[in-house]
Amino acid sequence: MEKQPLPADNEMTGAAASEVNIYAEEQSQEASPEPAARAGWNSKMEYFLAQVGFSVGLGNVWRFPYLCHQNGGGAFLLLYVLLMLIVGIPLFFLELAAGQAIRQGSIGVWKYISPKLAGIGYSSCVVCFFVALYYNVILAWSIFYLGNSFQFPLPWQDCPEQGNVTVQECKKSSATSYFWYRKALDITDSIDEMGSFNIYIVCCLLVAWTVVCLGMFKGIKTSVKVMYFSSIFPYVVLFCFLIRGLLLDGASEGITFMFYPRLEIWGDIQVWRQAATQVFFALGLGFGSIIAYSSYNPKNNNCHRDAFTVSFINFLTSVLATLVVFAVLGFRAKKNVTDCIESGNVDENLMPNFNHSNPSSMSVKDYRAWFQLHGNSTPAYLTDCDLEKEMQKGVEGTGLAFIAFTEAMTHLPGSPFWSALFFLMLLNLGLSTMFGTMEGILAPLTDRFKTLANNKTKFTIFSCIVGFVIGLLFTQRCGNYFVSMFDDYSATLPLIIVVVFETFSVSWLYGADRFLDDIEGMLGWRPSVVYKYLWKYICLLAMLGLLGATTIRMFIKRPTYMAWNQERASEETLDYPGWALAVLALLIIFAMLPVPLALIHAVLQGRTTQTSRELETVHYSVVNTDDKCETPMSDMSDLNHGNGYAEVKYSC
């Protein structure tokens, strides 16, 4: 494969010439003027907020805390930092440098390195589209809860009654679970039961797509104005929740559960897989959004420093969110365990020291110590009242935000205020990520196709309309199951494969040394040679290992999902039916299909071009003359307009 250097300021290549501001291989730190056809950030702060806003999302608030708690607490944190340093930051730096150097979206970047690699960029666009479809549904749920937060008491604080009888589904579960599954989603018992559209969620989804469309209306010039609020506001809320949470009874127990180190988990390959996946998605690798945002930078921007800064802020945000989550969940768990002890009505003969006039005087530790000794001889209505089991209830994904956290807020004074603040924070976190995801779709396509570039506003509106129409799939009563399907499978494998191709293309096909040379010409100094070995070996092998572990796990263990059983009022694990597995396979295949198609297209096009050139070299005629003819000349009147060659004749 022919290798070419990254663009220089005095070179314009093909269709990208009008769009790309290419940099010179010089040591100067002075920026060259930006081309009029390419927008740029007004300031470094705008770019920084955009990158942080994209990488810091809902996963930092509800995915990272769950993984941290389930996989060894402090031990998982150490493992996460290790993988962030040797895999996450080097790959993040690679994408930043590629976008900033070539000044194109993901399609243009990989097509420039080699036309055979253009499919990588198209696959990134497809995956971004899949993610945008279900991600905006989560924003719609947040809007629904935000609208319901302006009530006192909160509508999920108490179980409703029909007549004078409490609704059984709520009584068997909890008020927050009932509101989530029955009022918000009106969910079916399985993915096989489609159900009708939920009109409230449909309206909220329309609002979510409208906000995204307005934010992306004029490209980064409008979206960045929204990001000033959407990127900063979540940190204000997190600090407010942290201060409030640390003052709650049970906060110390919750934080202890989070950070208690269990180093034995390092021997579990699944923990490594989960940590690597979290690093992978936390930084947004493979989406093309990092490349798109970086492509608007001046050529001498210090993208190396940006890679470390954004990654560090992302990690600190995850830790901050985890502290907040487990301080509040510790309070919730302590409240539930205390209620469990108080409702036990322990017989004085069984526990003489129990003060019936003040049940809360007995500590959870004392009660559990007594229960372990006398539990076998106690009545059936007495339970262990385990604080850790309470901590583990509903702390994953949507269950954390819409069940566990909402329940904790009902116990806080001024609960509507804290509820509105929390869901407004989720909405802003989701919006900043959605802007980056949409930029990962719009920027590469408008860079690649001139017609779309000339009608970018119309294309943005059209994309949002299509996203809303297809997103109606997730607003059915079974829509939550499709959200889980897309979240678990539509992005994971394709994105890992995309990053594998990216890393291999830069480090082996283009050459890691040459890429470092280009970065040196761009920044004026050469990054450490360590990156060469990280890209060529460590990162590539880590991605292949993650890909292999994820694929093997899918084949060994049949994909499952959590369903809500209305009769039992509890969650149950169900296997995906055959048709759903077919949909999963199609999602993965469709996301990866552009890679081989672009490769085949480039190969066929190359052969066609080569054959055409071979024909052109022999497409001329020679007129035999006598010996008096001496001077050859081209008769321009007989120019073959099909191939641009003139027939060579001899004049006598």
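Any Cβ shown, glycine's included, is placed from N, Cα and C.
All annotation found in TrEMBL is predicted automatically rather than curated by experts.
According to TrEMBL, the protein carries these features:
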type: TRANSMEM; residues: 47-65; note: transmembrane segment
type: BINDING; residues: G53, V56, N60, N314, L429; note: Na(+) binding site
type: TRANSMEM; residues: 77-98; note: transmembrane segment
type: TRANSMEM; residues: 119-146; note: transmembrane segment
type: TRANSMEM; residues: 197-217; note: transmembrane segment
type: TRANSMEM; residues: 226-247; note: transmembrane segment
type: TRANSMEM; residues: 275-296; note: transmembrane segment
type: TRANSMEM; residues: 308-329; note: transmembrane segment
type: TRANSMEM; residues: 417-438; note: transmembrane segment
type: TRANSMEM; residues: 459-477; note: transmembrane segment
type: TRANSMEM; residues: 489-512; note: transmembrane segment
type: TRANSMEM; residues: 533-556; note: transmembrane segment
type: TRANSMEM; residues: 576-604; note: transmembrane segment
- request: Determine whether the transmembrane segment (77-98) and the transmembrane segment (459-477) share at least three Cβ pairs under 8 Å, counting only pairs 6 or more apart in sequence.
  value: no
Statement: Residues lining the Na(+) site besides G53, V56, N60, N314, L429 (CB within 8 A of their CB center) are V52, F54, S55, G57, S231, P234, T317, S432, T433
Task: Enter the number of other CB atoms within 10 angstroms of the CB of G53 (Na(+) binding site).
output: 27
- prompt: Which number gives the other C-beta atoms within 10 angstroms of the C-beta of V56 (Na(+) binding site), all protein chains shown included?
  reply: 27
- request: Quickly jot the same-chain residues contacting the transmembrane segment (47-65) by Cβ under 8 Å, restricted to those at least six beyond its ends, or write none.
  value: 41, 135, 138, 220, 223-224, 227-228, 230-232, 234, 258, 278, 281-284, 289-290, 293-294, 296-297, 301, 306, 309-311, 313-314, 317-318, 321-322, 325-326, 395-398, 400-401, 426, 429-430, 432-433, 435-437
- request: Rank the binding-site residues N60, N314, L429 by the number of other Cβ atoms within 10 Å of each Cβ and report the first-ranked residue.
  value: L429
Query: With pairs 6 or more apart in sequence, are the transmembrane segment (308-329) and the transmembrane segment (576-604) linked by at least 3 Cβ pairs under 8 Å?
result: no
The transmembrane segment (417-438) and the transmembrane segment (197-217) contact flag, 3+ Cβ pairs under 8 angstroms: yes
- prompt: Which sequence positions outside the transmembrane segment (197-217), separated from its termini by at least 6 residues, show Cβ-Cβ distances below 8 Å to it?
  reply: 136-137, 139-141, 143-144, 147, 184-186, 223, 226, 431, 434-435, 438-439, 442, 457, 460-461, 464-465, 467-468, 471-472, 474-477, 479
